[in-house]
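**Q** Encoded as structure tokens, here's the structure I'll be asking about.
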Amino acid sequence: MKGSVVVCSLVAFLALVFSLASAYDPSPLQDFCVAINDTKTGVFVNGKFCQDPKLAKAEDFFFHVNPGNTDNPLGSKVTPVTVNEILGLNTLGISLARIDFAAGGLNPPHTHPRGTEILIVIEGELLVGFVSSNQDNNRLFTKVLNKGDVFVFPIGLIHFQLNVGHENALAIAGLSSQNPGVITIANAVFGSTPPISPEVLTKAFKVDKNIIAYLQKQFWYNNS
């Protein structure tokens, strides 16, 4: 009997600890939030400050999305609708993006470090896919989507969308964060500021240093 009480007490304690950890260590809503000792110099928080709810108005929950201009090197345009565009999304854990594609347009391999993406094709034909983690042997999950088809890209995994049709395409993506972030792989690896050491990239990609030098000199277009 005494042992059962101890076990129950331990389970209750662990449940309390984990609930407190969840309450006081939320998922990050930005790339980083460096701690400070002097609060007078504080500017950013994990998320955004909240105004008095009594001051909220309809415009705080509204945003109009125009078609994206796909006249660019990638032939695609991502129009995000996050907490930066709709302040009323703050603390709600959701956002979306409109993705326009010209014929042959590409939304290049990228990740969302803070959100899972669910995408629906409104018009056109898209080849989409994601790559699983190293622990899962980097398996490629890919499918051709048509109007009305839906596909999910798990949080943090590299994914892409390519318009394989002969006409323009349109998709809408929902994301499980008010600020999911985006890291375009080529831009981050070859276009970082300052540049990653060519020695690192040459060894990582197992190519000649001249190839790395060429890639680092390119203009890596940001379509979002």
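Glycine is no exception: its Cβ is also placed from the backbone N, Cα and C atoms.
These came from TrEMBL, pasted as-is:
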- 1-23: signal peptide (SIGNAL)
- Cys33-Cys50: disulfide bond (DISULFID)
- 63-213: domain 'Cupin type-1' (DOMAIN)
- Asn107, His112, Glu117: oxalate binding site (BINDING)
- His110, His112, Glu117, His159: Mn(2+) binding site (BINDING)
**Q** Please report how many Å separate the Cα atom of His112 (oxalate binding site) from that of His159 (Mn(2+) binding site), as a whole number.
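**A** Rounded to a whole number, the Cα-Cα distance is 9 Å.
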**Q** Looking only at C-alpha atoms, tell me how far His110 (Mn(2+) binding site) is from Cys50 (disulfide bond), rounded to the nearest Å.
**A** 31
**Q** Starting from the Cβ centroid of His110, His112, Glu117, His159, the recorded Mn(2+) site, name every other residue in that chain with its Cβ within 8 Å, sequence order please.
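**A** Neighbours within 8 Å of the Cβ centroid, excluding His110, His112, Glu117, His159: Thr111, Gly115, Phe130, Phe153, Leu157, Ile158, Pro180, Val182.
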**Q** Other Cβ atoms within 10 Å is the metric here; tell me which of the recorded positions Cys50, Asn107, His112, Glu117, His159 scores highest.
**A** Asn107
**Q** Within 8 Å of the Cβ centre of Asn107, His112, Glu117, which other residues of the chain have their Cβ, at the recorded oxalate site?
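**A** Apart from Asn107, His112, Glu117, the close residues are Val78, Ala97, His110, Thr111, Leu119, Phe153, His159, Gln161, Ala173, Leu175, Pro180, Val182.
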**Q** What is the separation, in Å, between the Cα atoms of His159 (Mn(2+) binding site) and Asn107 (oxalate binding site)?
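**A** A Cα-Cα distance of 9 Å.
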